[in-house]
């Protein structure tokens, strides 16, 4: 029966890997994989570059960076270089008409004459003036100004609120200056804090070879202790409420969730859940202790591998730079596309009901450089309205923006895939070196990088495209959900939540599958589909080991991040808040407006650094684990098929490599 069951498992998840006498680690003689996808990816990148060139030719980001007056001239540029501020003749027109969409498209349009401040004696003067201050190159009234009696204006409170809203949303000058001053005063110490985070992350990974076992044991016991305390606390709360007779039948149904804390059934349910988790964890420790030991041994091996190839710890810098380039290119392309189009001008009058304005074609196009078309209409002007949506580029603007978003997701996922495959190739060369460190290649990281770019660009693009399509679908669903939030249809919201949950799970699964497929690509050099299939079947044949290693690694890396981020956060708090005294003049904490700003910056930077280091370590663990599983299936410890795993793993598994005959004679 056991043999038949094993045969069924082999048919379901593939047969174990057969011995290959020519295999000695990552295959060097390989060919290009997924060539069609590689060509498509390169053509897509070429089209992405063309989109960027078109955007650069037709776009004008000055529309966002600089304000424009009624004639369309930029303030602070060219002839108006010494006139950086824009004055609105009637700011209340802006208050009543401005919306977010118009700001995004046209800067800050107002249906009122606008002029560059230089000399009011030579220009048309506004009917009233208010004390104002500059914000984003525009003059806005003070919030505490006493409003004059204005024709047609009857609600001073509404106007004051409108002015206050504009100031609150646009004028952040004082806060920005203070933030800049704080960074100028503390940037050196922030770098010191980030250096501490880097050292702590590196030390934690390197010391795992010595303390991985005790640390995992302490963490598991800590989890057991927390669960035990939770059980005790829930029991005490349940006992007190039971004696009082507080029951859910007395409370009934309520939307106030905090009210359920006062009934005994809540604490009884929590007690049962915690007790079940405690029992499961104890059973895992008892029956899966061997696999936990294997996981700890693999963590130690990963620490040794990182120690042998320290350059791998700094590869995330390469990934970060490439990601930054992709994001910056997309942002600039999107900005230039959004500002493409020629400026449009229309006729405008402050009061179209005035005598002489009846026959004026208001809102029709005009030339701002021409003479006034109708001097009998008071206040008639040719003002800037917006940017033309005509033309091939403007008509295709939406499609080009969609192309850019797709390019952003695809390139970002490709860069992440490149990093995973390169690191996997480097760490695989460590595992499959029989005599360590003598057999490890001289430059494993550089060799893996060149090998991946040369042969597997198409495979990485294939995996990245699959993930990109799922992520785009999630973005579309989020957009639809945002639009339907006002709809109070529980069935529709339930269906939407189900779709979002399914896509989230699908994205997680694809990331997991891609990660292991890239490891197999780095080792064997096969295409994406074959590598993904081989990785999946190999993991399914060892599913219990996969789960145990994954959870032990997650627990350990979570503790490492907590240690690094928490340590840097505590040190930063005591230093920047001035609670550390007696360090001398050179180590005195700077005087800051917001001392929490460098603290939060240090914590965020420490988290990014720790995540970068631990992502490399996690990739190392996953790579060594797949190599370990392949080693178990491929070899048997004989002279012709020796195991490549470490002695500690051989000892845990109760296996050993057969010694050569010369060594046996020598022992005798």
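Just so it is clear, glycine is given a Cβ too, placed from its N, Cα and C backbone atoms.
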What range among 414-434, 645-665 does TrEMBL describe as transmembrane segment? 414-434
Give the range, chosen from 239-263, 289-313, 314-338, 339-363, that TrEMBL lists as transmembrane segment. 314-338
Any contact, the transmembrane segment (35-58) to the transmembrane segment (556-576), with at least 3 Cβ pairs under 8 A: no
Residue list, the transmembrane segment (215-235) vs rest of chain: Cβ under 8 Å, 6 or more residues beyond ends. 208, 267-268, 270-271, 274-275, 277-278, 281-282, 285, 292, 295-296, 299, 552, 555-556, 559
Counting only residues 6+ away from its ends, which parts of the chain sit with a Cβ under 8 Å from the transmembrane segment (414-434)? 24-26, 41, 301-302, 305, 308-309, 312, 315-316, 318-319, 322-323, 326, 440-441, 444-445, 447-449, 451-453, 456, 460-461, 463-464, 514-515, 518-519, 521-523, 616, 619-620, 622-624, 627-628, 631, 642, 644-645
Most CB pairs under 8 Å with the transmembrane segment (314-338): which of 187-208, 556-576, 596-629? 596-629
Contact set of the transmembrane segment (455-477) with the rest of its chain, CB cutoff 8 A exclusive, min separation 6+ beyond the ends, reads 30-42, 405-406, 409-410, 413-414, 416-418, 421, 496, 499-500, 503-504, 506-507, 510-511, 514, 517-518, 521-522, 525, 527-528, 531-532
Excluding the flanking five residues on each side, which residues at least 6 beyond the ends of the transmembrane segment (517-536) place their CB within less than 8 Å of a CB in that stretch? 14, 25-27, 30-31, 33-34, 37, 417, 420-422, 424-425, 428, 448, 452, 455-456, 459-460, 462-463, 622-623, 626-627, 630
